[in-house]
Structure formats: structure tokens, C-alpha cells
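Engineer: The structure that follows is given in the form of C-alpha cells.
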Amino acid sequence: MKTSSPLETVRVELGARAYDILVGHGALSELGPRLSQMLKRPRAFVLTDETVARHHKDALEAAVKSAGIRLDWLSLPPGEKTKSFSQLEGVLDWLLAGGADRGDTLIAFGGGVIGDMGGLAASLMKRGMGFVQVPTTLLAQVDSSVGGKTAVNTPRGKNLIGAFYQPRLVIADTALLATLPARELKAGYAEIVKYGLINDAAFFDWLAVNGQKVLALEPEAARYAVARSCAAKAAIVAEDETETGVRQLLNLGHTFGHAFEAANEYRENLLHGEAVALGMALAFRYGAASGITPAADAARVTEVLGASGLPVSLEGFDPARFAADRLAALMQQDKKARAGRVPLILARGIGAAYVHPDADLASVERFLASELA
């Protein structure tokens, strides 16, 4: 990480496709100068949602005004249900109607849904147009905006249709997070904790002490947490861009979490980050029940996540939707599942995650039944 207070620059090293992540309070001011170097003509397309447009459209317009860049906007309904084939088709039609070509740039200005949709649309548009991420949620700033994963959901599961398509720039302005509800901040914080759990026990310890400062968006703490998270992900992506090896560790909590989201039919009473937090707590407890994870570490993970106001148990969820056999069947839909077995990201301790290649779904179902009892 390069430090230039109050901003930090994290480089994602991917050879000719390397790009910068600019992190900090006021980072949006860098968009105009950076964008003007990319564009062949002074206009760009902006995909956002109605909530982000209401709060931040003027800020984005102001950020590119001095560079003389005209922005064409499309605002979609907020929420996970927007990440669908029908909405994707609408985005592509908007780009085509606007005369977009491969030399143009699409800016995804929003959370993970907008970033995933925008990236997939950019990858498909005439086989690839320029793409810039300006994430406006904590979750998107530390996770989904970095690394090039794009996707839409289907009734059969989350993120099953997608592609790897890297942005050319990511602007993570922590000032944009001030309009987020506390619940959205907590959901993003779950992904920050994930990096400590994967391979950085010292960062987890720092978060256990400073997590409330991050959630309060104290500028130094927020910048440090976002930049350290982005640097952790950037290093993993540089080593394994297409998730054939170490990048799978970033799925800690996600195999459980995606099943919970699908069981809940992507309703807003369970946000993605909340599902990941619940999934991480269960992954550590499943590891403890299987003799893999020290019980004390599993208990500490549950405690730290719970102290942040994140869900750590299945208590209170609809027992019909979250029945153990139904959850196990949904986990079988995981992209990497094979013949009754599914790879799970487990941990030998905090900061020591690994790929457990063939967890038996029958044992997972028994564990879930015990959690629901």
C-alpha cells in the first residue's frame, strides 16, 4: 500500500490489467483526473440505483465537472432482486441505445448489486468496454468491487451466471458511507472481519479492539480497515485471479451464507454481509464440532461478530425456510459441489483458513440440525 494522507493507494498487480484502488475520505475527487486519462471522448455511462442517485448523484457529477466529462445515467431499483437477467438486459439495451462502444467506460456507482451487474454488462458490451468501480457501501468497498467477479442471480442460486472482468480503477471514498444505515455498515464490516479470519490474526485482534471506530466511520480507522482489506484481497487476486486455488479462501462463510440467502429468497431481512457473518460463525463452529478448529477460537469469532450486532445463530429465522435438509440441498447447488460433497472454507484457528475439499453434506446437515435444535 502506498500512503498519501488522507488517501491510500492499493495496487492490484495483474500485469497489463493492473489497476489502482484509491481509499480514503474524499477519494472521489480523484475520479475526474483519472477518468480523463482513460476516455477517448469526454463522456461516460453511470449505472447506479435510485437510493445512491438520491444521495450522491451531485457528488459524482461534481467530481468529473472540472474534467469536462458528461455522464449518462441509469438508475435501477435498489436491492438484491435487481441482480437478474431481465435487469441485465435492460442495462445492455440502455448502453446500446446510448451508442456505447468498446472505447467507452461504464461506471458502477453503488453497492455490490450494481457492481456485479455493471461489471457483467461491461464484459458483454461489444465483448468488453471500459469499467470503473465507485462502491458506495462498506461491503462493496472491501470485497465485491475488487477482483473482477461479476454475476447475476437465478432462481436456482446466487451468482451462478457471471464472468471475471477486472475494472480499470476503483475509488473507495469512505465519505460516501456516511449515508448508510447502521445495519448496512455492519453487513460490510463482516467482510472486513473475514480478512482477519482468513490469514491475518493480528488484523482480527485490531478489529476486536477498534471495530466500533470503523463502524462509527472515524476517518483514520475506516481508511485503515478498508485499505488493509483491499490489500489483502488484492494480494490473493494477484496470485489466483480465477479462483482455482488460494482465492477460494475468500469464500469463507459464503457456502453457508449463499444457502441462507437462497433459503430466504433474497429478502431484505437478511443482507449478504449478514449471511456471510452467520456463515463464518457456523463455519468455525462446524470446524470445532469436527475437531478441526479450536473451540475457543470458534467461541471468540462468535463473540466478536455478535458484539458488532451481526447474526451468529439461526435462532429467529423461519424454521420452514431454514430447515436443515433444505439448507443442505441448497449447498449442493454450490458451483463447486460434487456428488454429495462440497468444498468448505474451514479454519485451523483464527487467521488459519484453508480449503476443506470434500465436506460430507450429510455431516453438514446433521450439524445444521443441531444448530436449529
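Cβ coordinates are placed from backbone N, Cα and C, and glycine is handled just like the others.
Here's the feature list from Swiss-Prot:
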- Gly112, Val113, Ile114, Gly115, Asp116, Thr136, Thr137, Lys149, Lys158: NAD(+) binding site (BINDING)
- Glu191, His254, His272: Zn(2+) binding site (BINDING)
Engineer: Going by C-alpha positions, which of the binding-site residues (Gly112, Asp116, Thr137, Lys158) is nearest His254 (Zn(2+) binding site)?
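Structural biologist: Checked the binding-site residues Gly112, Asp116, Thr137, Lys158; minimum Cα distance to His254 (Zn(2+) binding site) goes to Lys158.
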Engineer: Which number gives the other C-beta atoms within 10 angstroms of the C-beta of Asp116 (NAD(+) binding site), all protein chains shown included?
Structural biologist: 26
Engineer: For His272 (Zn(2+) binding site), which of the listed binding-site residues (Gly112, Ile114, Asp116, Thr137) have their CA atom within 10 A of its CA?
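Structural biologist: Those close enough are Gly112.
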Engineer: Which of Gly112, Ile114, Lys158, His272 (the binding-site residues) has the most other Cβ atoms within 10 Å?
Structural biologist: Ile114
Engineer: In sequence order, what residues of the same chain, 6+ apart, have a Cβ less than 8 Å from the Cβ of Glu191 (Zn(2+) binding site)?
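Structural biologist: Within the chain, Glu191 (Zn(2+) binding site) has Cβ neighbours under 8 Å at Leu138, Leu139, Val142, Asp143, Ser229, Gly273, Val276.
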Engineer: Could you find out if DSSP has Lys158 (NAD(+) binding site) as helix, strand or coil?
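Structural biologist: Its secondary structure by DSSP: strand.
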Engineer: Including all protein chains shown, what's the count of other C-beta atoms within 10 A of the C-beta of Thr137 (NAD(+) binding site)?
Structural biologist: 27
Engineer: Cβ within 8 Å of the Zn(2+) site centroid (Glu191, His254, His272 excluded): which residues?
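Structural biologist: Here the non-site neighbours turn out to be Leu139, Asp143, Ala190, Lys194, Gly253, Gly257, Gly273, Ala275, Val276, Gly279.
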Engineer: So if I draw a 10 Å sphere around the Cβ of His254 (Zn(2+) binding site), how many other Cβ atoms end up inside it?
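Structural biologist: The Cβ of His254 (Zn(2+) binding site) has 23 Cβ neighbours within 10 Å.
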